[in-house]
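Over in TrEMBL, the protein carries these features:
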BINDING   C8, C22, C25, C31  [4Fe-4S] cluster 1 binding site
BINDING   G62, K63, G64, G65, V66, G67, K68, S69  ATP binding site
BINDING   C235, C238  [4Fe-4S] cluster 2 binding site
Amino acid sequence: MEEVPHDCPGAGSAQAGRGTSCQGCPNQRLCASGAGATPDPAIEEIKEKMKTVKHKILVLSGKGGVGKSTFSAHLAHGLAEDENTQVALLDIDICGPSIPKIMGLEGEQVHQSGSGWSPVFLEDNLGVMSVGFLLSSPDDAVIWRGPKKNGMIKQFLRDVDWGEVDYLVVDTPPGTSDEHLSIVQYLAATRIDGAVIITTPQEVSLQDVRKEISFCRKVKLPIIGVVENMSSFVCPNCKKESQIFPPTTGGAEVMCQDLKTPLLGRVPLDPHIGKSCDRGQSFMIDAPDSPATLAYRSIIQRIREFCRLHQPKEEQLVGS
C-alpha cells in the first residue's frame, strides 16, 4: 500500500475506504473492497520459520554512508567468533546490497534445496543472504517499486533455510521506507530483540537519526542503542585524536541523553576499516589492537548482553 493519510481509519475499520479522510488516498479502492483487511498469510508462515531463530537484531541508519553495512558485517563477525554461536546476516538493502562485497562473498550464488534457499556460508556458523547473490553482475541496478521489494523480503524470511540460529542480524537500507515497514510487519509476531541505530557525529546525520528513533517508537520496535561511527581519528604515528566530523550539537551523546536512548559506544575512524571491507575481510582480525576494534568488541558485548537480558523468561530458564 502507498503512503496513507495521517488520520487514516485503518484497513480493518468499518470506515476503511469510506471515511472523509479516505478521499484522494491512493489506497481508497483497495480498502473499500476489504482486501486491505485480510491478513497476509505469509506472516504466519514466517512466524513458524522464525521459531528456530533466537535473537533478531535490525541495524538501521537515518542517512546513507554512515557505516551501517560495515557495522552489520562486523557485528555478525564478532558474534560468530564463538564457534558455538550460529549467526545469520540478512541484507535487505535491495537497491544497494553491499554485504556480499564486505563479507568477501561477491560472485557467490544462492542454491535451492528441498527446504528452501540455502544461505551462502562464510564460516560453518555464519550464513549470509543478500539480493546481491541473485544478480548476474554486482553492477546491475535493481530498479524496483515497493511491492516487489516487499515480496523479496517476504521470500528471504519465509523461504531461506536458516536452520537453528542464535542471532539474525538484518542490515537495512537508510531511512524509514518500504523495506523497514515490511521487515517490522513480518517479524512483529516473532519478537524482534531490537534495533541498533548507526550515526556519525554531525548534526546533518543526527537529525535523520531522530526520525529513525521516532519510527522505532511508532512501530513499537525496541531500541538497543545508538552507535556513533567515525567519531574521531587517532593518528597512528603521534596518537593525537582529531575530530574529522565535529559534533556541532554535542554528537550522539547529547542526542541520546535528550531522547533517553542508550549510547552503545563510539567507533573511531580507521582507514584500515575501508581497506578490510574492500578485501572482504574482518577488520577485527586484520587489526586486533586498533581502537576501532576495541570499540566494536565493547559494543558487540553490550548488544549480546541486551539480548540475553531481554529474552523470554522460559528461554532464560532453558539456557541457565
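Using N, Cα and C of the backbone, Cβ positions are placed for all residues, glycine too.
Quick caveat, the model's predicted, so the values are computed rather than measured.
Feature map: TrEMBL annotations on the structure.
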| residue | record | contacts (Cβ under 8 Å, 6+ apart) |
| --- | --- | --- |
| K63 | ATP binding site | P174, G175, T199, T200, V204, S205, D208, V209 |
| G64 | ATP binding site | G96, P173, P174 |
| G65 | ATP binding site | none |
| G67 | ATP binding site | I198, T200, N229, M230, V267 |
| K68 | ATP binding site | V59, L60, S61, D171, T172, P174, I198 |
| S69 | ATP binding site | D91, D93, S98, I99, I102, D171 |
| C238 | [4Fe-4S] cluster 2 binding site | none |
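Here the Cβ of G62 (ATP binding site) has 23 other Cβ atoms within 10 Å, regardless of which shown protein chain they belong to.
In sequence order, E241, S242 make up the list of same-chain residues 6 or more apart from C235 ([4Fe-4S] cluster 2 binding site) whose Cβ falls under 8 Å from its Cβ.
Other than G62, K63, G64, G65, V66, G67, K68, S69, the residues of this chain whose Cβ falls within 8 Å of the Cβ centroid of the ATP site are, in sequence order, S61, P174, I198, T200, S205, N229. Ranking the binding-site residues C22, V66 by how many other Cβ atoms lie within 10 angstroms of each Cβ puts C22 at the bottom.
Rounded to a whole number, the C-alpha distance linking C31 ([4Fe-4S] cluster 1 binding site) with G62 (ATP binding site) is 30 angstrom.
Between the binding-site residues C25, C31, the minimum number of other C-beta atoms within 10 Å of a residue's C-beta occurs at C25.
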